[in-house]
């Protein structure tokens, strides 16, 4: 390992499946060491993890970083959003954490929306309309289904809060992650006491919300990790806000993340409040906002179509009027939760490669619809679209996004954007810089830029028309088919 030019910092990404740690040179952004360790998620009706696994995985990831981790002057944790971590008086988990993708609280979400004045009222108060992924609905589920466990709870945390507190001994969170709970009012930037009372959650059980740029605490003795006592600990944040930091996003720059599900977001200086619930009105980690919309069918759905056709995922062919809507898991944007995949326009001369291209087109059409919803009037329509996530490395994804968006497309070379964003936040504690400015200095968004091409309006209009004509069929639930 060559000598670092500046102090070292650690950025952590505790995701659903694993915890990753990067040791980064605060002066240059160079990653000098990295480590990763897995954790498990329950199967069956719920999705749960023991938070102590996250701590153990953090220790293992840091041990893989070697001596570099011991030299770190600051650390920050980014993590999966929405999870409900319940702790007893000793700081031990009362039960496994309910993760973001545990949707058993869907009935509680519907009831809470009705009880507090409907979707519009929720959006105006919290920036979002709560779904079963939100923490507030999970707490409501817990109090109904496991009342003894709920009574034993002495602290409620989010996943990144849990690791931060084990480092510092202090209960803290940040505005980016807490904005996904459903009990933080985005208008006042404070806990909403009426919502908390409605779900019987004592505000005293919640962590202090640390301001952007504020030190959350320092590493305490007895933690068993390679950090020295007194190492600075930043507030940390949720994974999407951390990735935005990792890209050094400026307001109005669009991001499209291609994973199992698709995500579109952009930093905005306007507080979002979408009464339809399609756009989540999250805060970012700096003082602005991070409106975000998701699609359910992205890389996994298109790969499934490729598999059914016996093709490699890159084996697309142009020149077809066929429309394929790959809604294999229902769809969120557009809001068609009961839909299934739909094929229209098949002809004798349609090839397998054209069918695969149609699947890409259908998935990207949904993502661009999501992107249109999150970009505000101040966004620059000519700004390059940042393409991240596993699918961003695929040529077929790149070219489809380019053709249907009509924008330049930039593919950042940096991969671990959540951990990089956390590292930038940690570096900002040392230098006094804004974390996004640190990432821009590190040039984390650098990567090839594909020039804009003429937007394929014919394909977009055709897919929009099929969606409209097929709406009665797509909106039916399975039982009525």
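Keep in mind that glycine also has a Cβ here, set from the backbone N, Cα and C atoms.
Annotation source Swiss-Prot lists site 'Important for activity' at 13. Residues or ranges marked as substrate binding site in Swiss-Prot: 81, 82. Sequence annotations record features per position, and here Swiss-Prot assigns active site, proton acceptor to 239 based on sequence analysis.
DSSP assigns residue 81 (substrate binding site) to coil in the three-state reduction, outside any helix or strand. Using a 10 Å Cβ-Cβ cutoff, residue 82 (substrate binding site) registers 25 neighbours. Residue 13 (site 'Important for activity') sits 7 Å from residue 239 (active site, proton acceptor), taking the C-alpha atoms as the reference points.
In this structure the alpha carbons, written CA, of residue 82 (substrate binding site) and the residue listed as 'active site, proton acceptor' are 10 Å apart. When secondary structure is read from DSSP and collapsed to three states, residue 13 (site 'Important for activity') falls in the strand class.
Each residue contributes its Cα atom, and for residue 81 (substrate binding site) and residue 239 (active site, proton acceptor) those atoms are 6 Å apart. Sequence-distant neighbours of residue 239 (active site, proton acceptor): residues of the same chain at least 6 apart with a C-beta under 8 Å from its C-beta are 13, 15, 78, 79, 80, 81, 418.
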